[in-house]
Amino acid sequence: MPCADRRDMQEKQLLNHTADKEQRPLPGRSNHAGNLSQSEKKLQEAICVLLVELCERFTFFGIVCNMILFCTVKLGYHNYQAAIVNMCFVGTSMLTPVLVGWLAECLVGRIKLVCICMFLHFLGTALLPIVAFPFEDIYIDRRHILHTLTKREQKIVFYFALLTASLGIGGIRAIVCPLSAYNLEDCGPKELLSFFNWFYWLINLNSAVVFVSISYIQQSVARNLGFLIPFVSLLMAMITIHMVRGEMIYKPKTDSSLLTTFGVIASALKMCCMRYHYFSGGVTNWLDHAKENYGGQYSETQVESIKSLARLFPLFAFQILYRTCIMQIPSGYYLQTMNSNLNFSGFVLPVAAMNVISIVPLLILVPILECINSCLFSSKDTGHSPTIYVVVGQLSAALSMMVAGFSEIHRKHFPQVEQTLSEEVLLVSSMPCFHLAPQYILLGVAEALVTPSCSLLSFRLVPERIRGISMHFLTLFNGAGCFMGAFFVQTAHAGTQGNWFPHLLHEGKLERFFFFLASLMTVNTLGFWTIAHRYDNLNQEYTNEFRGSLPEEKLLKHEKAIKHYGSVLESSPILSPMEKT
């Protein structure tokens, strides 16, 4: 029997050795062909994801670009109400990707949820033309007019369409087009900053096309059919998703989630409260209370990852007020432009076309910044942090608010003239709208500097397992900035009885609202400047200390050492269980 068992073992080893030889890739042409097909597949997926991203942004900017004009002229809203609706829609569209990402991770399958979100997006963009359609211009037998929607019905359909469209936008951004789909895990800081620069460059190029084309169609040529263009763009996105079917739907790693993040924080707070009276030290950070060693429910790896994320919360918090200033482009700045002279040699410029002036600096600065980054980043330098870009960008945003206030004073010195917008005659200032260009340019410079740099910091300065969570938190704080802008508008209008955010700009003091934002943004910039050095040290600490302190990283080093000395990994009883996880 021992001889038979030994013979069986030898036969099994021979079969396994033969199978291993058969499974090895053949050298030469076959291996090259396999790599080529794999690279072609990745390239095709990346192109499809980028196309869907651009189509989704096309629909988003098409809805936003003339919403204030639509709300004031078509729905009869006051200026502050239209600005609040616009900022709330943008903020909701930023928050829904986080909600949809959680639903896809915990409750609903990703494929099923993306189909639901595509339907909601389709429903929302299909309902918007119903609100804008000119039923009053359609006659039957020259006597009877078609049934028109009342103002109340229009508002109900309009809000429902915006809600469903924002939910659809959240599904597309969270499931179909997350940043994780671009395979950025192995990129260094130079490559990451280059990616974010060109990524936002493409998005802003797309928005420039929207602001020029769709805004003109909505405002001048066929204003009531303008919302059909986002609907057509949605169809393009659906066709793109259908072409690649399930291969385009990215499946992220399930190492960490928002629930784990909030669970670690809640567990740490709970343990702090329970042990406050008799616990007097032993931990270097309050989040350590969530570790299993200190009576918590989470592993050391999970807690250390959340600690690195918590160090970014000040960075996120200082983005709230900055995002409030950026939201003045489709709200406060839009109202200034709408109440200025848009006639240019007999041609009435679309109001939203002025937004292109804020996009041009970004389109110009990105290639320049790429050259600067090539000089700042060397092949051995991985500790550089572009916080200086954030400081300069936020200072540019504060300066833009200040210039907007002085421009508003300057605009009211011009006599009023009549101007037709969307078949409505309005009394506006005779000041040419191009006098407002400096404030747009300054915000464009701010966006070119701040947004890619903050994305880089949020992505780079945390472990790979929670990079998606970090980008979610950045999105949450940006959305909070939109809602804070709406809160400021409502508070300024109510607190000053409409004086700081008036319905008729020439009768109010809108410049005081801009000066108020400028002062807050200046304080915000100084506050961030005082803590900016933390993120240089955090980068160095993470790369040199924290990354090596994680248990999985230590095991990985042991694994590499064992492979180096030619040992068999499966023979190690310590490392074998970790391979399965």
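Glycine is no exception: its Cβ is also placed from the backbone N, Cα and C atoms.
Remember, predicted model here, so these are calculated numbers, not experimental data.
These features come from TrEMBL:
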type	residues	note
REGION	16-37	region 'Disordered'
TRANSMEM	84-104	transmembrane segment
TRANSMEM	110-135	transmembrane segment
TRANSMEM	156-176	transmembrane segment
TRANSMEM	198-217	transmembrane segment
TRANSMEM	224-244	transmembrane segment
TRANSMEM	312-335	transmembrane segment
TRANSMEM	347-366	transmembrane segment
TRANSMEM	387-406	transmembrane segment
TRANSMEM	473-493	transmembrane segment
TRANSMEM	513-532	transmembrane segment
Under 8 angstroms, Cβ to Cβ: which one of 84-104, 198-217, 312-335, 347-366, 513-532 has the largest number of such pairs with the transmembrane segment (387-406)?
513-532
Can you name the far-off residues of the same chain, 6+ from the ends of the transmembrane segment (347-366), with a Cβ under 8 Å from a Cβ of it?
65-66, 69, 197-198, 200-201, 204-205, 207-208, 211-212, 214-216, 218-220, 329-330, 333-334, 337-338, 419-421, 433, 436-437, 440-441, 443-445, 447-449
For the transmembrane segment (84-104) and the transmembrane segment (156-176), check the count of CB pairs under 8 Å (sequence separation 6 or more) and say whether it reaches 3 or more.
yes
Counting Cβ pairs closer than 8 Å, which of 110-135, 198-217, 312-335, 473-493 has the most of them with the transmembrane segment (156-176)?
110-135
